[in-house]
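> Submitted below is the structure of interest, expressed as structure tokens.
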Amino acid sequence: MNVRRVESISAQLEEASSTGGFLYAQNSTKRSIKERLMKLLPCSAAKTSSPAIQNSVEDELEMATVRHRPEALELLEAQSKFTKKELQILYRGFKNECPSGVVNEETFKEIYSQFFPQGDSTTYAHFLFNAFDTDHNGAVSFEDFIKGLSILLRGTVQEKLNWAFNLYDINKDGYITKEEMLDIMKAIYDMMGKCTYPVLKEDAPRQHVETFFQKMDKNKDGVVTIDEFIESCQKDENIMRSMQLFENVI
């Protein structure tokens with residue numbers, strides 16, 4: 001990891017602890033998300049000019065090695081913000097890494113650990129996997145991947161905030177508790193490992209969670225609803241700015 005980027009992430013972590021942010025930046029660049037997720041699809045960038053790319057996804061589905069068949073290309077195109085050609089490229093890359101057509105959690109963790117070798121990304125990858133696994137069947141299909149990627153790369157602020165809320169709502173009950181936020185925060189700090197400079201305080205995750213709830217738990221009932229979450233994020237420039245760190249760890 002580039003030293004300057006590490007220092008930048010460290011600074012953002014410190015800012016997040018003081019502002020209660022740490023979810024998504026309204027004006028942040030999309031390169032980091034795209035680069036990380038495209039690493040899961042190593043053949044996607046290298047074959048864009050190959051004639052084989054022009055083959056339809058429907059033809060690819062006939063291959064016996066693919067056990068999970070994705071939805072019709074036209075339906076995925078309608079449900080996402082990708083073009084038909086982009087979906088073809090993404091599907092080839094996905095299938096190259098995952099011939100079965102789905103990614104289980106262990107494989108997802110192995111892939112994600114390559115992004116943060118200096119720390120332990122296991123727990124955070126678990127939470128991220130569950131955010132992509134929208135039907136909660138223990139596997140991320142091509143459809144799951146595309147729908148999540150479409151929001152992260154090309155979604156509106158509202159869509160991204162909804163996606164981020166789902167990530168922090170670990171038990172998917174429609175609320176974010178202090179315990180859930182603390183679990184996510186600890187997982188992120190574990191993932192960053194010893195690469196941060198200056199070294200973050202041991203109680204930084206807990207301090208951040210307390211600040212987060214002071215800003216977002218409007219009725220002081222100990223949980224944050226989706227409405228409280230979105231309203232607070234959109235009204236607080238500090239929160240929106242510090243949300244940029246989320247792109248660096250996605």
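Including glycine, each Cβ sits where the backbone N, Cα and C put it.
Sequence annotations record features per position, and here Swiss-Prot assigns phosphoserine to Ser17, Ser56. Residues or ranges marked as domain 'EF-hand 1' by Swiss-Prot on the basis of a curator's inference: 61-117. Here Swiss-Prot flags 120-155 as domain 'EF-hand 2', drawing on sequence analysis. Swiss-Prot lists Asp133, Asp135, Asn137, Asp144 with the feature Ca(2+) 1 binding site. Taken from Swiss-Prot, the feature domain 'EF-hand 3' applies to 156-191, supported by sequence analysis. Annotated Ca(2+) 2 binding site per Swiss-Prot: Asp169, Asn171, Asp173, Tyr175, Glu180, in sequence order, evidence recorded as sequence analysis. The annotation Ca(2+) 3 binding site is assigned in Swiss-Prot to Asp217, Asn219, Asp221, Glu228 on the grounds of sequence analysis.
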> Whole-number Å only: compute the distance from the Cα of Glu228 (Ca(2+) 3 binding site) to the Cα of Tyr175 (Ca(2+) 2 binding site).
10
> By DSSP assignment, list the helix, strand and coil residue numbers for the domain 'EF-hand 1' (61-117), in that order.
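Split into helix, strand and coil, the domain 'EF-hand 1' (61-117) gives 30 helix, 3 strand, 24 coil.
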> Is it possible to list how many residues within the domain 'EF-hand 3' (156-191) are helical, extended or coil according to DSSP?
26 helix, 3 strand, 7 coil
> Could you say whether, by DSSP, Glu228 (Ca(2+) 3 binding site) belongs to a helix, a strand or a coil region?
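Looking at the DSSP assignment, Glu228 (Ca(2+) 3 binding site) belongs to a helix.
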> Check the Cα-Cα distances from Asp217 (Ca(2+) 3 binding site) to the binding-site residues Asp135, Asp173, Tyr175 and tell me which is shortest.
Tyr175
> Asn219 (Ca(2+) 3 binding site) to Asp133 (Ca(2+) 1 binding site): how many Å between their Cα atoms?
31
> What does the structure give for the C-alpha distance between Asp221 (Ca(2+) 3 binding site) and Tyr175 (Ca(2+) 2 binding site)? Integer Å is fine.
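The Cα atom of Asp221 (Ca(2+) 3 binding site) is 11 Å away from the Cα atom of Tyr175 (Ca(2+) 2 binding site).
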